[in-house]
């Protein structure tokens, strides 16, 4: 109770002291204002006195004197108020001093009466022990046949609590011996070494310099005896700094050398790539085509075959030839492949390559013949250049081994027909053409859909695009209903008519090569070697598809 009253008296003294300080500050401000007014009135009175000496009229002198008297009166009032305020300030300062003295006395009493946390804990223990309660032993004494060694659970719990609360019986979980060197000039402590000790073997020898309930620090001299007298206690900051230095010293370990990470081989699973068939680079160098004496249309076909894809365009027709290039020995080896009529919106696949390109002046596409009309042989033209002849002599191809390495020999090969030449059998050529039995089997494969075919037929015109300007134009005849290809007669005039019906057979072409020139409208369109102009052959094929006949 006494402590509470002292605390209350101290708080009241602090409050009174604060009020007095505020009054003193206000009075000092008032004094400053009065002093400024006093100085202003003094200056005004001196100026009026100086002006009064130069005035000769009586009325003005009387007015100036009255004003001067009023100013002098105000000056006296201000001087008195300033003196009074200064006296009040002195009284307030004395009262503040008395309150401060009283506050200091109360604070001293509080320090003498105030108890620490340890004192409070001890007093609570003493009160618990002094409290009059019935003994537990008396309760269990009435129980018969109870062994003397039996300890009630409540009593055992109290004993355990006393052991835990007792500071002397506390066990250290971790102990460490730290050697510290202290600089007496700067006061800095340096950790020399730190040795962990077993907590069971640790003995609190030395002088306790720090204890916060969780950590205890004992000062021991170098000979493991108590430190010299006059050892001061350590501050929490110093203890934390020592523990930090000790932990850093323990964490330091010798450098372990190992192979760098980048020295180990790195194995990364390869990403499977999609198989795409694209024409290889330098296609014309890899596949050397020996052709001499062919027409302009054939040369354009060879050029376009090396450049990539080309599209034959007619009126409302798109012809796309997916024919991969194939090398051949010394002579032009070709296979004409019949293509289907497809809609205009059909896209070209990446593997498709064309063998011919439509001539700007020609009214029809380049010629394409049946695989049955494919021929192979030796090509030697009389007007061929010396360079081509040297290449023919140096380069000897085998038709089987001249294929690209990525093509299987067992799979069928697509060949392109480029024209006819006279071929002569010789023993020398047969030696180089080992593995070639003289026969190449070719077949015409047509893949179509009946629905697409019907749609395509609906879009096809019944006459050739340039037929009105041609000499062989005839009006279209009404066509019967479409039937299946297997049931249609080869001689019927339908859109499914074979395109090779009106083409020249091998025997007829051989006869035309040896026969004299006939005077026909199309004889002028022949090449220098006697073969038929490819544009005329293409016109024949186109007219054959449309059911017309070229004379």
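Positions of Cβ are set from backbone N, Cα and C atoms, glycine also.
Swiss-Prot annotations:
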COILED    12-106  coiled coil
COMPBIAS  248-259  compositional bias 'Basic and acidic residues'
COMPBIAS  484-495  compositional bias 'Basic and acidic residues'
CROSSLNK  125  SUMO2 cross-link
CROSSLNK  179  SUMO1 cross-link
CROSSLNK  179  SUMO2 cross-link
MOD_RES   1  N-acetylmethionine
MOD_RES   135  phosphoserine
MOD_RES   321  phosphoserine
MOD_RES   370  phosphoserine
MOD_RES   384  phosphoserine
MOD_RES   385  phosphoserine
MOD_RES   498  phosphoserine
MOD_RES   515  phosphoserine
MOD_RES   520  phosphoserine
REGION    248-280  region 'Disordered'
REGION    342-392  region 'Disordered'
REGION    449-535  region 'Disordered'
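Using a 10 Å radius centred on the Cβ of the residue listed as 'SUMO1 cross-link' and all shown protein chains, the other Cβ atoms total 13. A distance of 39 Å separates the Cα atom of residue 125 (SUMO2 cross-link) from that of residue 179 (SUMO1 cross-link). In this view, residue 125 (SUMO2 cross-link) is surrounded by 12 other Cβ atoms within 10 Å of its Cβ, with every protein chain counted.
When pLDDT values are averaged over the coiled coil (12-106), the model yields 87.
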